[in-house]
Amino acid sequence: MADFRHHLTLYLRLLGAQIRSQGAHRTSFILDALGSLLITAAEFAALALVLPRFGGLGGWTLGEICLLYGLAELAFVLMDILFGGFDAPNLSAHVRSGSFSTFLLRPAPLTLQVFASDFALRRIPRVLLAAAIAGYGLTHAPLAAGPETAALLTAAVLGMICFFGGLFVIGGTLTFWTVDSVEAMNVLTYGGRTLISYPMDIYSAWLRRTFTYLIPAAFLSYLPALHLLGRPLPDGLPDWAALIGPLAGPLVLAAAFAFWRVGVRHYQGTGT
Amino acid sequence: MTTTPAPPTGGHVSRLSRLALPWAVSRLGFQRQFAYPQAALWGLITNSFFGLLRVAVLLALFGTRPQVAGYTPQDAITYTGLTQAFIMAFSLFGWFDFMRVIHRGEVTADLLRPASLLGFWAAQDAGRALGQLALRGLPMLLIFQVIWGLNWPPGPLAWAQVVLSVLLAWGCGFLFRFLVNCAAFWSPDAVGFGRFAWAVLGLGCGFLMPLAFFPEWFRALLAWTPFPAMLNTTVELWVGVTGGAAAWAALGTQLGWTVALLLACHVTLRAGLRRLEVAGG
């Protein structure tokens, strides 16, 4: 317990240093934050502005889509803030420049240092926007208010943070071996985020099934959302699949960290 | 340090040799795109995947409707294929090259060349755009043609108008990107300003959704900006949403914005270089 408290203090202290350095150039920070906010705002506005003309998207109303879109965006941005250090471009830069080796020399846990190495504060406004979109969804979709709904939604967000965090850890670990092919992970991370931002019944069966059974993305928020909206699950899945769905996230994260440990051992083995 | 403005191209330089430098620069810009074939392949795969998702969303929006705002579902697929194909050629996700050169002070070396700075960068970007079109744009159209089938311009006149429109869309887009990059003359925070500008571009040029789908008030607002000229006009000419006299009017609007942005670039560049001189001297 004392160990945990020590690590938490260390993590917060490293974040404090990051926050101070990012706050040094105030105008730059504000413009970057606005630019990052505007990317999400533009993408969402493009959908929200055209929906009235079409009435809905595959039988889903704006409120219901906001629920899916807002939850996915909220979880992804929070994950990005938390796991940014593992993102392949950031980690591969540390590996190439040799600063990763300095991490290994410091008397602090390696994983903790990587966690604290790219804490992008400029994403905070995006979190607020994502929360607002999800909030609109919560108030405009036919959801039953209650502890079960709250618990399932929280589990869905946490599950997605773990899932995409796991993908970032896997992508980052791959940079120990190769720098080029990590781009393929973008299909799963950014592609996966976009994929689950919309009701998955709009995709062709093979695409939906791939991202349900092979890559368990649909379990994270789509199945819980279907359950909360009183819609049947696809492929005749039993209703309880929606309730345990968010667990897919922590499982992916655990597997990712197992892979990370293998990667770190590999890195030390070839180190000079 | 003071910067020497590019020497005026005098009468003793023949017309042909004056074109030799931009030609060489374009060719190098073109060839450079083929240096990392593996990155291009992964880029193509990623773009195809996002194309797949965008097609699914658009088709779900259409539902059983045969036509919305002049677009059939097949037109919407063609729109997606075209926009995915032009991402890299038109640098729709941003372009910071000129900004970097200003920040590093290398712009002074650029000024020593016996060519106009804007012309030099335009030639380089033209080569880059053509390279990306060949490397990523055409394969993307081929992928879309194989999977969903595309609608193609109906005849020689439509083809000519589309080709003209692509050139103007590139010109307009390049000048806008160049103008945004000029912010680096005044501010060390130009990267953030650039990200902001690219986000506006993505929505305004019709990359995220066909502009015809937007509400009237929003389209009226965009009509006062150069953004539709940077992509949407080309798409509408290709799928035939714009035709007849309206096609020529659309091309005229594109030309008008290109000229306006060219003037804006000249004025801004002159002011920026003067500032560079003051700061350096």
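Cβ coordinates come from backbone N, Cα and C, glycine included.
Sequence-distant contacts of the transmembrane segment (A:29-51) (same chain, at least 6 residues past either end, Cβ-Cβ under 8 Å): 22-23, 57, 62, 65, 69, 73, 77, 121-126, 129-130, 133. Annotated transmembrane segment per TrEMBL: A:29-51 (among others), in sequence order.
Annotation source TrEMBL lists transmembrane segment at A:57-83 (among others).
Panel annotation: around the transmembrane segment (A:127-145), residues 37, 40-41, 44, 61-71, 73-74, 76-78, 81, 153, 228-230 of the same chain, lying at least six beyond its termini, place a Cβ under 8 Å from a Cβ of the stretch. Sequence annotations record features per position, and here TrEMBL assigns transmembrane segment to A:127-145 (among others).
Within the chain carrying the transmembrane segment (A:151-177), a Cβ under 8 angstroms from the stretch's Cβ atoms is held by residues 71-72, 74-76, 78-79, 82-88, 90-92, 95, 114, 138, 185, 188-189, 192-193, 196, 216-217, 219-221, 224-225, 227-228, 242-243, 245-250, 252-257, 259-260, 262-264, 266-267, all 6 or more beyond its ends. The annotation transmembrane segment is assigned in TrEMBL to A:151-177 (among others).
Residues 64, 67-68, 71-72, 75, 143-144, 149, 152-153, 155-157, 159-160, 163, 188, 192, 195-196, 199-200, 203, 234-235, 237, 239, 241-243, 245-249, 251-252 of the same chain lie 6 or more positions beyond the ends of the transmembrane segment (A:210-228) yet place their CB under 8 Å from a CB of it. As annotated by TrEMBL, transmembrane segment applies to A:210-228 (among others).
What TrEMBL lists as transmembrane segment is A:240-260 (among others). Panel annotation: around the transmembrane segment (A:240-260), residues 111, 152, 155-156, 158-163, 165-167, 169-170, 172-173, 216, 218-220, 223-224, 226-227, 233 of the same chain, lying at least six beyond its termini, place a Cβ under 8 Å from a Cβ of the stretch.
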